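Asker: The following block contains the structure, expressed as structure tokens.
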Amino acid sequence: MSDFNHTLAFSVPFETARQAQIAQRALDPDPILKPSELSVEYSTEDTFLKIDFKGRSDRVIRVAANNVLENLKTVVECMDEFEGQKDVCI
Amino acid sequence: MPATRDLIPYAEYSSPDLSKKLTVDATLTHSTNGKTTGPSDHVLGAGAVDNDKPSEAKSSRLGALRGMLTTLQDDVNEFLTQRMKDADAAHTRAEEEADLERRVLDDGVDEDDED
């Protein structure tokens, strides 16, 4: 939208392109609470995850970016803990 | 810079009046315990226990990335909070100036007062 004149673009490198794609697919389904005030787009470029926020104000971008980063940290932690491990039935 | 700290995130902000790049210093160690996330010091001081406290970063590349993302999140939060405060202050100032101008131009006379 044209009045979304505040933007914040994150560039987050991963070890592999696959990790960046997993992060994108994990974050993308989260619905945007105020689509009339904000848009969020996820994409990948090689090993980089790109997150683009466009919004009407600093306030809506701050709330959304903080939430997405909180989720992203959980995604990274899960990869760090579990990637490369075989499933174990207990 | 340690070899595990080579995954360095950054953010680029832009608005009609400002563009800014927010980066993380990879030569420093970054905690996963953010300044702008989790319970406030006031709540913790009152005896609350933070059950959602993040685990420490592992000494891996992704562990270092998680620490740097926490610092970037803090920086973005502080930067945007300051921008919001500045905008609020500018708005208040503009209203006060408009009010002063109106009172000066009206010379203190209320237009509705016709006696």
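Backbone N, Cα and C atoms are what each Cβ position is placed from, and that goes for glycine too.
Quick caveat, the model's predicted, so the values are computed rather than measured.
Marked as compositional bias 'Polar residues' by TrEMBL: B:30-39. The compositional bias 'Basic and acidic residues' annotation in TrEMBL covers B:50-59, B:86-106. Taken from TrEMBL, the feature region 'Disordered' covers B:30-60, B:86-115.
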Asker: On the DSSP side of things, how many residues of the compositional bias 'Polar residues' (B:30-39) fall into helix, strand and coil, could you say?
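Answerer: Secondary-structure breakdown of the compositional bias 'Polar residues' (B:30-39): 0 helix, 0 strand, 10 coil.
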Asker: Are there residues at least 6 beyond the ends of the compositional bias 'Basic and acidic residues' (B:50-59) whose Cβ is under 8 Å from a Cβ of it, and what are they?
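Answerer: Long-range Cβ neighbours of the compositional bias 'Basic and acidic residues' (B:50-59): 4, 30-34, 38-39, 44, 66-67, 70.
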Asker: With Cβ-Cβ distances below 8 Å as the criterion, list the same-chain residues six or more beyond the ends of the region 'Disordered' (B:30-60) that contact it, or say none.
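Answerer: Residues 4, 24, 66-68, 70-71, 73-74, 77-78.
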Asker: Summarise the compositional bias 'Basic and acidic residues' (B:86-106) by DSSP state, stating how many residues are helix, strand and coil.
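Answerer: Breakdown, helix to coil: 20 helix, 0 strand, 1 coil.
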